[in-house]
Every structure is written in C-alpha cells, then in structure tokens.
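Have a look at the structure below before the remarks.
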Amino acid sequence: MNVAVIGTGYVGLGTAALLAHIGHTVTGIDISEEKIAMLQRAEVPIHEPGLDALLASVQSRLTWTTSYDAVAAADVVFICVGTPPGPDGTPDLQYVVSAAASIAPHLNGHTQVIVNKSTVPIGTGDYVTRLLEENSVTFHAERHAVVSNPEFLREGTALHDSLYPDRIVLGGSPDAVAHMTRLYAPLIEQTFVAPASAPRPETYTRPAVVKTTLQSAEMIKYAANAFLALKISFANEIAGLSERVGADIEEVMTGIGMDTRIGSRFLNAGLGWGGSCFGKDTQGLISAGREHNYDMPILQAAVTVNYRQRQDVLQKLIRQLRTLKGKRIGVLGMAFKPDTDDLRDAPAHDLIERLHGLGATVVAHDPIAMPRASREWAHLTYHEAGSVEQVFDRADAIIVATEWTDYRTLDWNALTPRMRRPLIIDARNIIRNPIDAQVEQIGRDAPAAEEFTMDTSL
Ligand SMILES: NC(=O)c1ccc[n+]([C@@H]2O[C@H](COP(=O)([O-])OP(=O)(O)OC[C@H]3O[C@@H](n4cnc5c(N)ncnc54)[C@H](O)[C@@H]3O)[C@@H](O)[C@H]2O)c1
Ligand SMILES: O=c1ccn([C@@H]2O[C@H](COP(=O)(O)OP(=O)(O)O[C@H]3O[C@H](CO)[C@@H](O)[C@H](O)[C@H]3O)[C@@H](O)[C@H]2O)c(=O)[nH]1
C-alpha cells in the first residue's frame, strides 16, 4: 500500500522503517525542515540502534518531505506527532490538531484510514474525525475512518519491538480495522524477511491482534504505560524498605517475579523511570481522572515514589559526604535509559540540577547523549567529561545514573584510584562484584567479598 507517516520522531521513523520493510511505499512528512533535510541526506536524526541500517536497506521505498501533498495518494495516513504534557499534566494536542488540519485538505476518495499512533487522551479519535470533517470539503465518515493504533516500542529496542510486537491494537470501525489488518498482514503473519539489524527472536510467536473500539484502544495505551510505571515504582518502594530491614531487592524481585502472575520484567529498582512517556502518560491518565472527578491514588503514589527515588539517591550521597559544597561529583549517564540519546525527563537532569544547587561541581558523561545535552541542557551548570576517566579524576563521589553497557563493563579498580574519595553511588545496581571503593546501591548492600548468592536453580 501507499502510506504517509506524519512526524518523523522516534515513533514516526520506526513506523516508516517497519512499513517500508514489510513492503509498503512510505512518505515521511515533518514540519521540521532540518529533520527532513537530514533524512534526505540519509542521515538519521535520532540515536536508535539498527535504525540507520534498516532505513538504508529500504530507501527505495521511502521519501522524506515537508509537504503534505503525498496524503492525497496515500491509502493509510499515520499521525505520529508529539503529545507533550501541558503545565497541568494534560497532554498538549496542538501538534495532533495541526497535523489533522494539514491532512484534511488533501483527503479525496482515495485515503481510507487515518491512523492515530500518537498517545492521546481517550476521545481524541473522535476529535480528530471532527477536525478532519471541519477542515475538508471532501470528508465522508463512510470513506475516511479514524483508527487508533497505539505504539508500544521502547527506545533503544525500537526495531525489535516494532517487528516483533506482543500485540497489535486496532481500535475503530470493523471496516477500518480490517483495512489495517491487510496493511499489517506481513507483520501479523511474520512473512517478512528478518532484517540483519534486528534478527527474529528464537522463541517468537505471531503477535495477537486486539480489535476494539477507538476509546478502548486509546485506554489500552495509557493503562499499559501506567501499569509498567507502577511496577517500577513498586520495586523501588520495596527497595527502600529492603535497605532498612536488610533484604536484597534483587533477590526479592527475582523471588516474586518467578510467580507467572507477577512476571519478572520491569521490576528493576534504581533511579526510577524517566523518558518521554511514563511521566507524561501517568500524568495524562491522572488528569483524565480529574476531568471526570475521579481520583487515581494508585497512579499518584507511583509518581510520588518515582520522583522521591531521585531525592533518595542524593540523600545517600549527602549521608556519606555531609556537605556537597566544594565537592566534585561525577555523573555517569545522562540519557534516560541506555541505547538512546533521548534526554526527556532523564533522572540525570534532576541530579545535575540539584547537585549544582547544593554547591557541588558536576562532571557528567554519556556515551551518546552528550552533544544533545549541551544543546538541550544549556540551562544546567556542569562540565562535560571528554572521557569516562575524566569523570573519575579527583571526584569525591560518582553516581551511576544510566546503565549503559560501557559502564557495566568498566574496569572500576583501574579507575577509582583517580578519585579523591572512592565512593560510588550505583543508582542502577550495575556493579556485580566487590571493587576497591565504597559502593552504595539501591535496595541492597553493596557486593561484599563473601557475597551470598540466592540459589534460584531447580
Ligand atoms: N518515543 C517513544 O518511545 C514512544 C513510544 C510510543 C508512543 N509514543 C508516542 O508517540 C508520539 C510521538 O512520540 P515521539 O517520541 O516520536 O515524538 P518526537 O517528538 O520524537 O517526534 C514528533 C515529530 O513530529 C513532528 N511534528 C510536530 N507537528 C507536526 C505536524 N503538524 N506535521 C508534521 N510533523 C509534525 C515534530 O517535528 C517531530 O519530528 C507521542 O504521542 C508519544 O507519546 C512515543
Ligand atoms: O525495570 C525497570 C524498567 C525500566 N526502568 C526505567 O523506566 C524508564 C522507561 O524505560 P522503558 O520502558 O524501557 O523505555 P521507554 O522507551 O520509555 O518505553 C516505555 O514508554 C513507551 C512510550 O509510550 C512505550 O511505548 C513502551 O512500551 C514503554 O516501555 C527508563 O528510565 C528505565 O530506566 C526502570 O527503572 N526499571
């Protein structure tokens, strides 16, 4: 089919690459001339492992433009623009509104489905239908249907998540949903050739297809993110208590995760969640509740625990150093998670801001996100480390904020002698063996020489 993808951010690029790979012809449209110019030069504006290789392999089926003209010939139009939080937590729909207004004049009898892939408040599908109707003289509800097809990819593993999803959620009229199942047939049947940049997992089975209403599809997206966020906050809350009673959070979570009703994933305690989605979507759901005069105390608590975690990590540091004035603190990791350059709601941002506010000199490092941080975090005061070694040089302490593989594999004993005081606040629990430094972790005592390892074998 002929597809137009509006918005070439993390979701739009992933969607364009996926659809081109499974055989469709795709036009990617963005209002950012800078992004489109880069894509036209075959440069990828974001860091996402394997994406450049996949886009290069399907370039003959991909066109990049700032013009909406391609919408007229598209069978399916995807809306993948941002929905950032407004000041009160309600998602800001301005980009969705302007995308719908720009799509509408190009709708003729050809396009059958307009797909909302952006994460939007429940009811937005109907709102988009009305916007299209108001801005198009040729719009007919029987010919142009809006479908909700939420995206579940994680940054850093976007290709894997797009090509091998657990489920595909399609909300809308039966005809429109049937059209979408034809579009996704190679994905649903898994008949495409697995790209080298994202090989098919050995145990993978076909995705489930959830056919539902617009409203339920929109709710599924929010509820999924809220539940995942909740799981992480739960792990962090139990971690806090584990520290106080002498339990080990990793063993506790391993122990509970073996119950298949609970599941072992997304139970890693640490610095809490960050990123463009969990904070925004938990707030989005809470604000939807507020709109309907319905409290959401569980979600509210998950948010409180999440941001308290950033404070608690600083408290660990202060307990050791007493005052941060005049201290040199290294921060390892700036991106909100490994394998991305995304800095949105990154815990490291708050750490750097607070450390500086408390009088510390901050030296920060990230394997990928540093150039982006120097643009997007220009309001923060910190020194960019030219190398990991520089983070250690004369540091009074180091905080591990992001669990990049580069940090997991550090030769700590070779680096800690560079420090003024060998104190590591390992806020992602990446240090597995004793090192020549004092190590503080989350929800557990640091590995000791005579470490007891829980036997989880049969
Ligand atoms: N990032 C993720 O991992 C992820 C995963 C699932 C869902 N989502 C959701 O998907 C949506 C997009 O997220 P993202 O991270 O890709 O955003 P992003 O900010 O990376 O990209 C959005 C893009 O849309 C473009 N844009 C804005 N208005 C436009 C318009 N009128 N016409 C054309 N282009 C326009 C912007 O220039 C930008 O390139 C959000 O609703 C988000 O919540 C994101
Ligand atoms: O056990 C865990 C798992 C994750 N995190 C943190 O949680 C955040 C989010 O991680 P992850 O979910 O892997 O990345 P995202 O790219 O934000 O993906 C989430 O948000 C996307 C946007 O909506 C959804 O599409 C995905 O399904 C959902 O996982 C990161 O800061 C992680 O460090 C933890 O602290 N502990």
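In case you wondered, yes, glycine gets a Cβ from its N, Cα and C as well.
Taken residue by residue with DSSP, C277 (active site, nucleophile) is part of neither helix nor strand, so it is coil. In this view, C277 (active site, nucleophile) is surrounded by 25 other Cβ atoms within 10 Å of its Cβ, with every protein chain counted. What TrEMBL lists as active site, nucleophile is C277.
The NAD(+) binding site annotation in TrEMBL covers D30, K35, T83, T119, E155, K280, R344. All protein chains shown were included, and the count of other CB atoms within 10 Å of the CB of T119 (NAD(+) binding site) stands at 22.
Summarising the annotation, TrEMBL assigns substrate binding site to F152, L153, R154, E155, K221, F266, L267, N268, A269, G270, G274, K337. In this structure, E155 (NAD(+) binding site) belongs to neither helix nor strand by DSSP; it is coil.
Across the domain 'UDP-glucose/GDP-mannose dehydrogenase C-terminal' (330-433), DSSP helix (H, G, I), strand (E, B) and coil residues number 34 helix, 18 strand, 52 coil. Under the heading domain 'UDP-glucose/GDP-mannose dehydrogenase C-terminal', TrEMBL lists 330-433.
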Listed recorded positions adjacent to ligand 2, that is, members of F152, A269, C277, R344 whose C-beta is under 6 A away: F152, C277
Binding-site residues whose CB lies under 6 angstroms from ligand 1, from T83, G274, R344: T83
Among the NAD(+)-binding set D30, K35, T83, T119, E155, K280, R344, as the record gives it, the longest Cα-Cα distance in Å: 24
Recorded positions clustered about T119 (NAD(+) binding site) [Cα within 10 Å; pool: K221, L267, A269, G274, C277]: K221, C277
Cα-to-Cα gap, L267 (substrate binding site) vs K280 (NAD(+) binding site), nearest whole Å: 20
